[in-house]
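As given in Swiss-Prot:
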- 10: active site (ACT_SITE)
- 166, 169, 172: Na(+) binding site (BINDING)
């Protein structure tokens with residue numbers, strides 16, 4: 001049983017199309033090759049739904065990071081980019097935090113960011129970001145669907161992409177939830 005699979009078994013996708021920003025997550029919690037729960041909620045809204053965050057990795061670690069992010073967002077008056085950079089600095093340098101094994105996607109009206117325990121804050125190209133074991137499947141599907149002019153909304157693209165990821169990744173499922181940045 002690989003600990004790496006236990007820590008990263010999920011799919012989180014965030015995309016922006018026509019000023020609409022959606023973040024989606026599957027509901028599966030796995031430990032190794034065992035499904036512990038199929039209806040987990042891996043997304044959180046912050047600052048009255050103006051900021052949304054999703055995590056992949058250890059559940060306890062992800063929740064701890066949400067709490068730290070909320071504090072940073074309040075400290076920096078809802079400035080997501082500055083809050084993310086400050087969280088990443090703490091995450092990398094603090095003895096306790098640097099042991100946390102999770103990744104996050106956070107988004108507001110202006111930014112989609114990937115945060116890692118290595119201290120990385122990455123703003124992805126093409127207005128699409130994904131993390132977790134099914135992340136590359138969801139990312140590929142979303143980029144393909146967004147690469148040509150189509151009538152699909154951001155939410156429809158996210159749901160189709162997440163379903164493709166759930167079909168391919170055994171650590172992700174079809175219990176998909178979405179949140180929209182307002």
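One is the number of the first residue shown, and numbering goes on along the chain from there.
Any Cβ shown, glycine's included, is placed from N, Cα and C.
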What's the CA-CA gap between residue 169 (Na(+) binding site) and residue 10 (active site) in angstrom, rounded?
8
Tell me, how many other CB atoms lie within 10 A of the CB of residue 169 (Na(+) binding site), whichever protein chain they belong to?
21
Beyond 166, 169, 172, what residues of that chain have CB atoms within 8 A of the centre of the Na(+) site's CB atoms?
11, 26, 28, 133, 134, 137, 138, 162, 165, 167, 168, 170, 171, 173, 174
How many other Cβ atoms are found within 10 Å of the Cβ atom of residue 166 (Na(+) binding site), counting all protein chains shown?
22
Counting only residues 6+ apart in the same chain, whose Cβ is under 8 Å from the Cβ of residue 10 (active site)?
25, 26, 28, 29, 30, 42, 56, 57, 132, 133, 134, 171, 172
Enter the number of other CB atoms within 10 angstroms of the CB of residue 172 (Na(+) binding site).
29
Once the DSSP letters are reduced so that anything not helix or strand counts as coil, what is residue 166 (Na(+) binding site)?
helix
